[in-house]
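Summarising the annotation, Swiss-Prot assigns ATP binding site to ARG85, LYS125, 130-136, 158-161, GLU166, 244-245. As annotated by Swiss-Prot, domain 'ATP-grasp' applies to 89-274.
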Amino acid sequence: MQNSTLYPTVYVLGNGQLGRMLRYAGAPLDIYVEPLAFNAPVFDLPENAIITAEIERWEKTPLTELLGNHKNFVNQHIFGLLADRFTQKSLLDELNLSTSPWCLLKDKNQWNDLFQTVGEKVVVKRRTGGYDGRGQWIIRDENRADITDDLFGEVIAEKFIPFDYEVSIVGARFKNGEKRFYPVTHNLQQNGILRYSVVDCAFPQQSVQQKQAETMLGKIMDKLGYVGVMAMECFVVGDKLLINELAPRVHNSGHWTQLGCSISQFELHLRALLNLPTPELQTFAPSVMINLIGTNHNPKWLNIPFAQLHWYGKEVRIGRKVGHINLSHPNKAVIIQQLEKLCTELPEDYQSGLNWAIEKLK
């Protein structure tokens, strides 16, 4: 097994694309990162190892038990807390942070009161699991039967928010309480899956939203004693941010930092875990991230100037994230030109989102 000459090995619970990109980010600093599948064989875990995870929940296996019992599993108790939407939303209420009105849906007798107090349209979400739009239902009085008896107690119900648009912020907290934040990012989701992210520090409301988002996420990380990168997704309603979801890990909406920032979110996470010196983050230029979902590899993407392709090496399946493309340039007109070129190299279902990104940059 390879070892760093400078730092303990960082083991990542989960071996998907996030673990893979953490491994790439560590290499230039001689930080050895080893992503591990849940069913990988157990081994002699070094006493000084650092443990992190690329996902909030994991199955119980001999390996996850081994890692879970290690003294250096950073944020271990926080993963379970935030993986459950009931405890996550309870935390937001405890901190008096804005989020959509909600309740635990325990039984069918709650429906009438729920529609009266929350609204005629509610979003029902599984407490655990369910991501990228899965495990969620939009419920009105006429389709309440969609929530079957076995789901009661295992779901929360939120008010449906007719938001203006969606944003996120990715930040990190160090052991001494210092924090670093990336710019608020505008996101477009389609069918519950993040498809596009756009970053431009010249956006209207950017400075106001940045201050608000940093305060909110900072308050959460301080309360939890969190160390590492965390993401906060929000709805924008007028001049207010409503927290939608928290992710205690590197996040899809932070992928643009690989090209558009002085330190990527993956390197930042490792720096925080190892308590390494870290300057303030510098954003180089406006940036766009395009998720590649259920799309076969196209070598013509490599011919797009100022584009950075990340291909995950996964089997292509409908709805599966298989890669992403980052674009960054100080001149937004140049990014728009490259997005227009991508319009001819991506399937039809990408066109509306590419047009959304182009309009964002105009």
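Cβ coordinates come from backbone N, Cα and C, glycine included.
Here the features listed in Swiss-Prot are placed on the structure.
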residue: ARG85; record: ATP binding site; Cβ neighbours (10 Å): 22
residue: GLY130; record: ATP binding site; Cβ neighbours (10 Å): 14
residue: ARG134; record: ATP binding site; Cβ neighbours (10 Å): 12
residue: GLN136; record: ATP binding site; Cβ neighbours (10 Å): 15
residue: LYS159; record: ATP binding site; Cβ neighbours (10 Å): 19
residue: ILE161; record: ATP binding site; Cβ neighbours (10 Å): 17
residue: ASN244; record: ATP binding site; Cβ neighbours (10 Å): 18
Taken over the domain 'ATP-grasp' (89-274), the model's mean pLDDT: 95
